[in-house]
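Colleague: Below are the features I grabbed from TrEMBL:
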DOMAIN    1-375  domain 'Amino acid transporter transmembrane'
TRANSMEM  20-43  transmembrane segment
TRANSMEM  77-95  transmembrane segment
TRANSMEM  115-132  transmembrane segment
TRANSMEM  144-166  transmembrane segment
TRANSMEM  178-198  transmembrane segment
TRANSMEM  210-233  transmembrane segment
TRANSMEM  253-281  transmembrane segment
TRANSMEM  293-313  transmembrane segment
TRANSMEM  319-339  transmembrane segment
TRANSMEM  359-379  transmembrane segment
Amino acid sequence: FQGIFVLGLPYALLHSGYSGLFLIILAAALCCYTGKILIACLYEENEDGQLIRVRDTYEDIANACCKKQSSKLGGMVVNVTQVMELIMTCILYLVVSGNLLSHSFPYVPMTEKTWSVIAFVTLLPCVFIKTLQIVSKLSQLCSLVHFIIILVVMTYCLTQIHQWSWAKFRLSIEFEDFLVSVGVIIFSYTSQIFLPKLEGNMKNPGEFRCMLNWTHFFACVLKTTFALTAFLTWGEETKEVITDNLPSFLQTLVNLCLLTKALLSYPLPFFAATEIVYACISRGNHSNYRSPLFALGVRGSFLLLTLLMAMFIPHFALLMGLTGSVTGAAMTFLLPSLFHLKLKWKKLSFLEKCADISVFILGFLCSLAGIVCSIKGLLEVFG
């Protein structure tokens, strides 16, 4: 939950004012809710009224919902959507790594793309990752680095407390700028892609809902505190990535920490994407598709694909925004609420049905607005 997106939250507050603080809290509640209903779709009651886990993945849920139309159609749609978002996330980490390296060592005569290749070399061991346990250890290190970054920024902000003023908050908002803020805030909480796998790997899956409540609560508190202190410090001068506001002597340190975080963040979406593709390919009975060498080839191909796309796709940020508006909103809001309504309709109360329908409509509007803004940006660039 505490990804690189967090560093854009103060900028989101600049464009959304007081409504941005409300959005940070609302987004946490909505994403926590859709996470719970998604996991609920993995279970069915047996004859004794006990909940039994009858599905393992997001794909299984989709297939169960679309079995009347096609036994595999829903799963194919979900898998393609998941892989697109995960690959785009991996590419973003490579692009960010190249950017951070070039800013950290401006005196070295190398382009950002060259720096991205250097970052790519450090990620080559990812092809040997076989289990989620290794990924979780890397994610722990990533979290540690993230808290160091947050601590540095907030410590500096607290030294400037004498400059804080609530008058810096805007009461009026501009619609397009507000939509950008909505996208940044909502997608800083998204984790639905990983939840079925995560819940399935827990030692005690019964604690999942409690875990989800506490993680979203603490993520919300930290995001609100961080965004508020940073915005009150810089006000109208708040930049898109808040670390760019820091004095030069702190910028290099924080940039190197961000680079470490980006590289440590890469294995999770990479592992998830390759597992989905490998599972789809090896589902048949052909033994060659289930060999360790073939799995290594799949992971190696994906690693190379992310580098090539990072190198050669122009205007990647806008394309990322367009993809994120489609896949992010679909995986976080649209599909969980739709699947929950489809599979649990007879057992849901009137309020639960209203909640699911409301989340679906909200997700659709967010997706539509994000698509319009991204396409408008692409047309301006190519126009």
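Glycine residues also receive a Cβ, built from the backbone N, Cα and C atoms like all the rest.
What you see is a predicted model, and the numbers here were worked out from it, not measured in a lab.
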Colleague: In the same chain, which residue numbers or ranges, 6 or more beyond the ends of the transmembrane segment (178-198), come under 8 angstroms Cβ to Cβ?
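Modeller: Distal contacts: 1, 3, 5-6, 8-9, 11-13, 15-16, 19-20, 23-24, 27-28, 30-31, 34-35, 38-39, 42, 55-58, 61, 82, 85-86, 132, 216, 219, 223, 268, 272, 275, 321, 324-325, 328-329, 331-332, 336, 366, 369-370, 373.
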Colleague: Output the single range from 20-43, 115-132, 144-166, 253-281 maximising the number of Cβ pairs under 8 Å to the transmembrane segment (77-95).
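Modeller: Result: 253-281.
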Colleague: Counting only CB pairs under 8 A, let me know which of 20-43, 144-166, 293-313 has the most with the transmembrane segment (253-281).
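Modeller: Looking at each of 20-43, 144-166, 293-313 in turn, the most contacts to the transmembrane segment (253-281) are made by 293-313.
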